[in-house]
Every structure is written in C-alpha cells, then in structure tokens.
Amino acid sequence: MDFENKKCEICGKKAEIFLFGKFLCKNEKCIEEAKKLSMARHKFRVVAVGSTNPVKIEAVKEGFEKVLGAVEVIGVDVDSNVSSHPIGLEETYLGALNRAKNAFEKVQCSYGVGIEAGLIEVGGHYIDIHVCVVFDGVKETVGLSQGFEYPKIVAENVLKGIEGGKTAEEISGIKDIGKNIGLIGYLTDNNITRKDLCRDSVIMALIPRMMKNIYLY
Ligand SMILES: O=c1[nH]c(=O)c2ncn([C@@H]3O[C@H](COP(=O)(O)OP(=O)(O)OP(=O)(O)O)[C@@H](O)[C@H]3O)c2[nH]1
Ligand SMILES: [Mg+2]
C-alpha cells in the first residue's frame, strides 16, 4: 500500500499503516481512537456525544434508553466553538449545537449529541442550565435541563472567565466535581446530581423524536 503523502487520519502526522479503514501513524493513541470510531460501523443505533465527560456520556445513554431504546454511546472530544463557560442561552445553545454536529461528523452514527452548560441571568440571578442538542444529519432538536442559581462567587468568577467547575471544586473540596456529582450534587446533598440535569436535557431534546410526536414538529 502506498503511504506516499498519506497523513494519519487522527493526528495528521505521516501515515505508516492502514488499519480500521483509516491511514494511521503508529501512535498507540491514534490506533485506539481509530478502533473506537470504527466500532460504530456494525452497531445499529450509535450515538456520538461531543464530550469525553463521563457524566454527559452516561446521561446520554440513560436518556436515549428511556425514550428510544438501546443504543451504543461513544464520547468523542470535539470543539464547542464557544467559550469554556458560555453566558446567555444563545451561546450555550450554539455550543451544544456545534458539539452535536462535530460529533456527528467524527463518528459513523445515527445521532450526534451535544450538552453544554451555560449561565443565564434573570433578575440579577445567575442560573446554571444545561442545553442538549440532538442532530441526525438533517435536523436538530433541543431541550433544556432544570436550572439552579449559582452561588454569587461562582457566577462572579464565570463572568471573570473562570470556569464554574474550578470554583465549584474550591467550594466543595471535590476534585473534578464537574465530572461526577457536580456543584448541584454538592448543594443538594446528592438529591439532584449533574447527571440528572444532563439526562433531563437529553430527554427534553428527544420529545420531538418520539414516534407519537413526530408529526407535531
Ligand atoms: O460542578 C459542576 N456542576 C454543575 O452542575 C455544572 N454545570 C456546569 N458546570 C461547569 O461549567 C463549565 C462548562 O461546562 P461544560 O458543558 O463545558 O462541561 P464540562 O467542561 O464539565 O465537560 P466538557 O466540556 O468536557 O464536555 C465546566 O467548568 C463545568 O464544570 C458545572 N460544574
Ligand atoms: Mg467544558
């Protein structure tokens, strides 16, 4: 096989092998990524999530299984093309839409899903919400989670460009809190966790895709 001018389809370096239907370099990580992306080929309903955050991946799996039935869920690292902690509903929605479309492009799948947390201001209160977008290659459907008021210090720091998760870690003393119970989990003694918020937003975004509702949208 001719590798002249061929680039690794994962990292862009010089290709040396052809594996899982892709030209690749010999870097273990690239081979692993190509294997993961090719896994999708033989599964029926594959859902690609535009994040590697386990909370979001698990929430998408639970949300889809609750509404549409069994799926194979793959998390992939994609750009949201918005700030790391979007402010306002529009920017948060855009982040979720970009993640969904980028994930759909990256993995052979039935749906691309983006979940983006953002901060919306209402009456001087800063509310954290999660927006979910589900993209099927043609149209997107959207849903929002429940929202909760951020403690002032967290909101002030987000407005200064410090991600909510960083301040949440300081307040709770829980490392990587955004990748497990979330600030919401800390504030509610785990009565509501970040996975619940993410799963709610997924279920909301799937309402227009339920058989009984399709003709209404
Ligand atoms: O502890 C938390 N509990 C929450 O309820 C919560 N909601 C939002 N955030 C933080 O907001 C930023 C953007 O969120 P985000 O959508 O970019 O998610 P993320 O950065 O965790 O994952 P991802 O970007 O790898 O997909 C990140 O700093 C998140 O930690 C939360 N942190
Ligand atoms: Mg993030």
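Each Cβ is built from the backbone N, Cα and C atoms, and glycine gets one as well.
Here is what TrEMBL records for this protein:
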{"type": "BINDING", "residues": "SER51, THR52, ASN53, PRO54, VAL55, LYS56", "note": "substrate binding site"}
{"type": "BINDING", "residues": "ASP79, GLN108", "note": "Mg(2+) binding site"}
{"type": "DOMAIN", "residues": "50-210", "note": "domain 'Non-canonical purine NTP phosphatase/PRRC1'"}
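Location within the structure of each feature annotated in TrEMBL.
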residue: SER51; record: substrate binding site; CB count, 10 Å: 22
residue: THR52; record: substrate binding site; CB count, 10 Å: 13
residue: ASN53; record: substrate binding site; CB count, 10 Å: 21
residue: PRO54; record: substrate binding site; CB count, 10 Å: 13
residue: VAL55; record: substrate binding site; CB count, 10 Å: 24
residue: LYS56; record: substrate binding site; CB count, 10 Å: 30
residue: ASP79; record: Mg(2+) binding site; CB count, 10 Å: 10
residue: GLN108; record: Mg(2+) binding site; CB count, 10 Å: 16
Cα distance (Å, whole number) from ASN53 (substrate binding site) to ASP79 (Mg(2+) binding site): 13
Helix, strand or coil at ASP79 (Mg(2+) binding site) [DSSP, three-state]: coil
Mean of the pLDDT scores, which run from 0 to 100, over the domain 'Non-canonical purine NTP phosphatase/PRRC1' (50-210): 96
Distance-selected binding-site residues near ligand 1 (C-beta under 6 Å), from SER51, VAL55, GLN108: SER51
Additional residues around substrate, ordered along the sequence, whose Cβ is within 8 Å of the centroid of SER51, THR52, ASN53, PRO54, VAL55, LYS56: VAL49, ILE57, GLU58, GLY75, LYS179
Integer Cα-Cα distance in angstrom, VAL55 (substrate binding site) to GLN108 (Mg(2+) binding site): 22
Length of the line joining the Cα atoms of LYS56 (substrate binding site) and GLN108 (Mg(2+) binding site), in Å: 19
Local backbone state of ASN53 (substrate binding site), from DSSP in three classes: coil
Spatial separation of GLN108 (Mg(2+) binding site) from PRO54 (substrate binding site) - C-alpha basis, Å: 20
